[in-house]
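Pulled from TrEMBL:
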- R118, K161, G166, Y167, D168, G169, K170, G171, Q172, E204, H227, N284, E285: ATP binding site (BINDING)
- 126-314: domain 'ATP-grasp' (DOMAIN)
Amino acid sequence: MTKSGNSAVTNLSPILPPAWLGILGGGQLGRMFIHEAQSLGYKVCVLDPDPLSPGGAVAEKHICADYGDEKALNEMANLCAAVSTEFENVPAKTLDYFQNKDIFVAPMGRCVSIAQDRILEKEFLQQCSVLSGIGPAPHHVIKTQSDLATVPTQLFPAILKTARMGYDGKGQVNVRDADELAVAWQGLGGNACVLEKRMPLAFEVSALIVRAHDGQVTAYPIAENIHRNGILHTSTVPSPSLVKHPNVSKKIIGASFEIAEKMAYVGVLCVEYFVLQDGSVLVNEIAPRPHNSGHYTMDASVTSQFEQQVRAMARLPLGDVTLMEPVAMLNILGDVWFDKDQAREPAWHHVLAHPSAKLHLYGKASPKLGRKMGHINCLGKGIQEAKDACVAVAHDLGIAP
Ligand code: ADP
Ligand code: MG
């Protein structure tokens, strides 16, 4: 779904290769962004404090310093025509630093600030729901001890989530009642949190959209996501559960466009949604960047989410989001390097014996339990064929069904 923009029209000219692009963060998202930028002829400078970062290994230039290091930021600013970020926990001040130097920043610090604070994010999503009709789950903000006493009992059972720095289910505790809540809040350091009612989910989906500097927007088909231990396990596209509900898909994409437009967002934006057992839809959270649930676009779509991020930040026209084949993406965690306590090398040759399986490894030095090491996109002539290939590949790697 694509529509042409009418707001925030600017007359900025495109940034053409071989200009330098800057990326904050050299994790797997940074690395895949760099590959696409280089493929389009750009040079990339990555800022990441880790000397062994996956992105640092492939960029033309790796500035190995903290995200607040002014000397490093100045060096990057002198080199790059535009800057983007691979993660939302980069200090918003860092993005503002580049913006103040008239470097094109996509997404802007203001958008990233909303996504890095669950309290601001919930408030913002609530505002967007007035027009989109899709709001967040019932919740209560807990900043101080006295907020514990004002929690409505109908919010339980609930999930306590830290307002900042949570990801992959980290910084979250299930609580059944007010007593458990008090203990959990202390356990999370007494920091600002959001208490969210545990909802009866039927399934989870994410919308992946791209918004250009001139307001043009486009949306990939919706992905259906399965999480394990709070970490994404598989994404299937098109969403098998939404195939017979085009109106729900349309509403979700419309709500995602609304969110992007309200922030004057530029770049790739992922919005996670819950579909409840009664068929109603809630918005969960936003990720102001390419997202794990969009990795399928690398092999199944005409234009990958990383290429779109490059196009958006370079003020180029957006690419075609057409899905060429149904696909199921399987995340590969460090767990597959271990058989119980025994270290092993995964049998990649067995995975690649499936002709439609496309393997992507991130080049991380040490596998750890729960650490994202790579993913496999399994293509198929139909959704079931893609899902079957995904199950077979997972089996070959010893991943539990
Ligand atoms: P993260 O930032 O770690 O991705 P999320 O808020 O997306 O945190 O939560 C991770 C997962 O936990 C969700 O994808 C969903 O499976 C589950 N979850 C989160 N909030 C709720 C809720 N209110 N009700 C039911 N399940 C939830
Ligand atoms: Mg999430």
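A Cβ is built for glycine as well, from the same backbone N, Cα and C atoms used for every other residue.
Features per TrEMBL, on structure.
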residue : record           : contacts (Cβ under 8 Å, 6+ apart)
R118    : ATP binding site : K161, T162, A163, R164, G166, C193, V194, E285
D168    : ATP binding site : G230, I231, L232, G370
K170    : ATP binding site : G230
Q172    : ATP binding site : I159, L160, K161, T162, G166, G230
H227    : ATP binding site : G169, E204, H233
Exercise for the section: Kindly point out which of the binding-site residues D168, K170, E285 have a C-beta less than 6 Å from some atom of ligand 2. Expected result: E285
Practice task
Please classify the secondary structure at R118 (ATP binding site) using three-state DSSP.
Solution key: helix
Fill in the blank from the handout: The average per-residue pLDDT within the domain 'ATP-grasp' (126-314) comes out at 96
Handout entry: Filtered binding-site residues, from R118, D168, H227, E285, whose Cβ is under 6 Å from an atom of ligand 1
Key = D168, H227, E285
Practice task
Enter the number of other CB atoms within 10 angstroms of the CB of G166 (ATP binding site).
Solution key: 19
Exercise for the section: Just report the maximum Cα pair distance in Å for the recorded ATP binders R118, K161, G166, Y167, D168, G169, K170, G171, Q172, E204, H227, N284, E285, no decimals. Expected result: 20
